[in-house]
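A short write-up of the structure that comes next.
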Amino acid sequence: MLKVLTAGESHGKALVGILEGMPAGVPLVPEDFIGLMERRQSGYGRGPRRLLEPDRVEILSGVWRGLTIGSPIALLIWNRDHRFAVLEPPPLEAEEPTEAPLTVPLPGHADLAGALKYGFDDVRPVRERASARETAIRAALSVPARRLLQELGVEGVGFVVAVGGQAARVPARATVASIRASLDRQARWFLTPDARIVPVWKRLIDQARRDGDSLGGVVEVWVEGLPPGLGSHVDPARRLDTRLAAALMGIQAVRAVEIGEGIRQSSLPGRQALDPIEFSAKRGWHRPSNRAGGIEGGMTTGERLVVRAFMKPVPGPCRLPSVDLRTGRPAVPAFYRSDTCAVDALAGVAESVVILELASALLEKFGGDTLEELAVALEAYRRRVAKFAGSA
Ligand code: EPS
């Protein structure tokens with residue numbers, strides 16, 4: 001199983017991350033990170049910070065001559081906008097900390113609960129670590145896992161399906177490849193397959209920015225090429241939907257997760273809500289529909305995995321009424337730079353955490369110290385499950 005650990009504050013010196021559990025022999029070069037890191041910073045409505053941060057990923061360990069070697073992979077991204085001086089000892093002669101304290105917690109942020117929990121009267125240490133800047137290194141850690149899945153014929157894509165309540169239209173016959181191609185064609189403002197909705201979203205975001213407001217939205221992640229049977233029904237913690245929901249909820253500002261058409265299924269009668277099963281020599285086991293979103297009983301069905309993550313509006317620009325931690329008096333939070341809409345970034349991050357979870361589930365089921373061992377075990381399993389029980 002893969003273990004993921006990140007460290008770093010938004011305006012600290014650097015973000016660092018460790019990925020443990022990767023087999024040896026997975027191709028990985030620094031260029032593999034570039035596309036995803038750019039995508040994570042993309043999007044209309046982002047603040048000026050992204051122009052400052054090139055998000056160049058340095059591989060510190062676990063890779064030799066362009067291949068993983070089975071040991072922990074350590075990655076590093078330097079922050080150019082490094083001014084979180086609280087972490088450094090103040091100069092000896094200074095009596096006051098160099099950074100002005102932030103004593104008014106931002107409603108909708110981790111500030112207040114974090115300050116109470118850790119005993120701070122300055123919310124900066126909480127805000128710095130709670131920041132979604134951390135997702136830069138989390139996304140980077142997914143790159144070795146992506147390379148592993150690609151070698152095994154598994155491909156995924158994350159894209160935006162709604163901003164501020166306005167939904168995009170996704171073509172009925174779309175595939176991961178066709179969505180990817182449409183994102184490449186028009187990735188300038190939003191990662192969405194629906195070019196028609198782009199001016200609508202831009203107008204909404206422009207208005208929100210003028211109003212000192214922010215907007216949330218919804219992203220979808222699709223993954224194709226998965227074998228049936230990843231995850232398990234035998235224990236709640238081993239269900240893949242448990243793990244995917246936890247991974248997606250773990251992304252800053254995500255407030256809800258849906259697997260397949262889960263929400264709609266809950267209001268339909270069973271005969272309409274559930275997917276029939278079919279078998280043919282050519283396609284093996286399959287479903288003519290995929291309302292389950294590729295997971296039943298906590299296991300992959302072999303159909304396309306479809307998950308959605310719902311993001312609340314980021315709190316930074318809203319500055320709702322609050323209370324000063326030091327005086328107990330009503331106060332408005334200090335101006336704090338932030339994004340108006342970060343839903344586009346969420347598309348790349350949601351894709352990343354799903355990829356990490358799937359690679360982990362694959363390694364758990366098929367093991368192997370090398371990519372080759374893993375591929376052989378997966379191939380043997382694919383052959384076995386392509387048949388029905390009574391066949392020779
Ligand atoms: C963030 C606030 C903004 C975002 C940042 C996440 O940063 P700043 O306060 O420096 O303007 O731009 O996101 C990134 C820098 C990034 O790379 O995603 C927050 O509070 O979550």
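Each residue, glycine too, has its Cβ placed from N, Cα and C.
What TrEMBL lists as NADP(+) binding site is ARG40, ARG46. Applying an 8 A CB threshold to same-chain residues 6+ apart, the list for ARG46 (NADP(+) binding site) reads ASP339, THR340, CYS341, ALA342, ASP344, ALA345.
When secondary structure is read from DSSP and collapsed to three states, GLY297 (FMN binding site) falls in the coil class. Residue environment of GLY297 (FMN binding site) contains 14 other Cβ atoms, counted within 10 Å of its Cβ in all protein chains. Look at TrEMBL and you will find ARG129, ALA130, SER131, GLN252, ALA253, GLY297, ARG337 tagged as FMN binding site.
When the record's FMN-binding residues ARG129, ALA130, SER131, GLN252, ALA253, GLY297, ARG337 are compared pairwise by CA position, the greatest distance found is 44 Å. Taking only the Cα positions, the spacing between GLN252 (FMN binding site) and ARG40 (NADP(+) binding site) is 14 angstrom. Listed binding-site residues: ARG40, ARG129, ALA130, SER131, ALA253, ARG337. Those with a CB atom under 6 Å from ligand 1: SER131, ARG337. Each residue contributes its Cα atom, and for ALA253 (FMN binding site) and ARG40 (NADP(+) binding site) these two points are 15 Å apart. Here ARG40 (NADP(+) binding site) comes close to ASP55, THR135, ALA136, ALA139, ALA345, GLY348, VAL349, SER352: these same-chain residues lie at least six apart in sequence, with C-beta atoms under 8 angstroms from its C-beta.
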